Structures are given as structure tokens and as C-alpha cells.
Amino acid sequence: RQLRNLEKSFGGGVRVCDRTALILDIFNQRAATHEAALQVTLAQMEYQLPRLTKLWTHLERQSGGQVKGMGEKQIEVDKRILRTQISTLRKELESVRKHRKLYRNRRRSVPIPVVSLVGYTNAGKSTLLNRLTGADVLAEDKLFATLDPTTRRVLMKSGTEFLLTDTVGFIQKLPTMLVAAFRATLEEISESSIIVHLVDISHALAQQQIGAVDKVLKELDIDSVPKLVVWNKIDNANNPLRVKEEAEKQGIICISAMNGDGLEEFCNAIQAKLKDSMVPIEAFVPYDKGDLLNDIHKVGMVEKTEYMENGTLIKAHVPLPLARLLTPLRQQVAAPL
């Protein structure tokens, strides 16, 4: 009612909207794929459903023909149509969700660790992904430039690989219908080996933004996933040296995704975190199972290798799925060791 009164006072030529409607409008402008468009449209419809009265100046009842009574109100007809459209969109998004789940299961069969970038909108997540992987993901100085998660492979100097996923940016008081609509996208975070919380430390409200991201992560119930806090845009901070000293006290990594400062330290921190989440194994890998040995070197961290007559004796840290694949080989080596 207040929005309608404001529009009348401005002469009817100015659109007045609340914060949630503005966020939804921005999301709608950024939606570049079919999935993102579905998610945004669903959120907009769920937002409009209880506010349909605003869209009509005449809410007279339909004529019932020869039947007594005035019949159904126009707004009730529109609500029913909108609910039908919402139901259809939810079914489409459920199909998208199943497709993503199949994709994750297929990706899990090749046990490469997954690192998810999360953070407040415009924190520099897409820029960091582009810097580390050479990807061409849209990275602009604007809100919600990324709505679809993008995953790329990162090869570190040690030879270890991991998958880096860029996710949708968060915001303070993120509308609940957006969190629900983007559930399929946000589920990518729960499947991560590590969550990297990227912070724009040069922003005046950095601490409030950190709190907003932590709140959304808590809603997603992913406390069990290891987290690494990274302060980005250190080159734009008022006092970079003081910020770096404070970060060192808290065990936080400082980087500049734009110019590449601190990225080697960032990769080393990722490697250390990955090692903590891996399983130590000692296995005897026959030469006819060279693909397993290749996987160990690719996604694990090898500490010792000894080439023997019939195979390779290896000591390493590997992701849990790969450790399970190696279980028979680990049992074979138990007696000789």
C-alpha cells in the first residue's frame, strides 16, 4: 500500500520498489543462461504472489452467467494462474537439480578435490578464477555479475590438481525466495573439499559483508566443510602493510586477484588444507594398474615412491574416494610392510 501511495504521489510515472524487488530486478538483468533465468523467474513469481493486489485497479468479480452470485474475483484467477506457473517452474528446476546431481556424481568418480569460492557480491571471485585458470568468466565491477557456478581445473606447481568453482555472490539479508530458488546452484558448495571465503578487504563495510556471508553459509548447513578465509584487493586497501600484519596474526591469506599478488601463498594454503582432508595410504600398485598410480600423482600428495619388480610401492595422502578404490591394494601391502 505504501509503495502504491508513493507512486501516486509521484504522478504515476515513477516506479517505486522495495529492496527485495530491486535485487530481483538486478538478478533478472544478469541471468544469462536458461537455469539462471528459471531461478530468477521463480523467485520473482513467489515475490509477486502475495502482492498481486497492487497490479490491479479493478478487482471486480467475474460474471457467473445465469448462475446466482458474482463469481470469482479477478485476483483469485490471477493467483491460481501464478501458482500453476510456479509449480511448473519448480518441476523444471527439480530436473536441473537432478542433472547437477548426476554431474557431481560423475565428477566424484574422478576424485579430484573441489574448491568453492564464496563471498559477498563483487568480492573478486570471478577475477580470481580467471587469474588461476585462464578462464574467460565474466568479471565486472557490478553486483551479481555471476549467477551460474563455473568450474575450472587448476594445476599447481607441485603437479597436484583441483577444481575451482565460482559461485553466486551473497548479500546482506538475501531474500529467502532467492536462497530457495538458487538451491541447486548453492548445493555445489556442500560438495566441496574446501570452501574459500573471499573478502573484499578494501571495502568500508568488509566486516558486515563477512557476517552476511557467514550467515548464508550457516543456513546452508555446511559446517563440516573446511574453510579458508582470503582477503582480496589488498592493493586497494588504505594501509596494505597494516592489513597484512593483521591477516598474519589471524592466519588469513592476503591476495590481489587483479595483479596476481599472493597467489602462490594462496595455492600453498589450498594444498595444506587439502592434505588435512585427505587419507594417508601405503599401497602396492601393480604395473598393469598404472591409471591408479597416475590418479594418485594427479590428485594426491606423494611422500615416497619405490619401484619394485612387480609394481610400485607408494606412500601418499589421497582423497577419500580414491583411498576406497585403493583398499584391496592397501590390504595386499599390509604383510610386507
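Heads up, the Cβ atoms here are built off N, Cα and C, so glycines get one too.
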**Report entry** Which range of 51-78, 79-106 is coiled coil, per TrEMBL
**Finding:** 79-106
Report task. Check the binding-site residues LYS125, LYS233 for other C-beta atoms within 10 angstroms of each C-beta and report the one with the most. Result -> LYS125
Requested in this report: Do me a favour and check the Cα-Cα span between SER126 (Mg(2+) binding site) and GLY119 (GTP binding site); whole Å is fine.
Outcome: 11
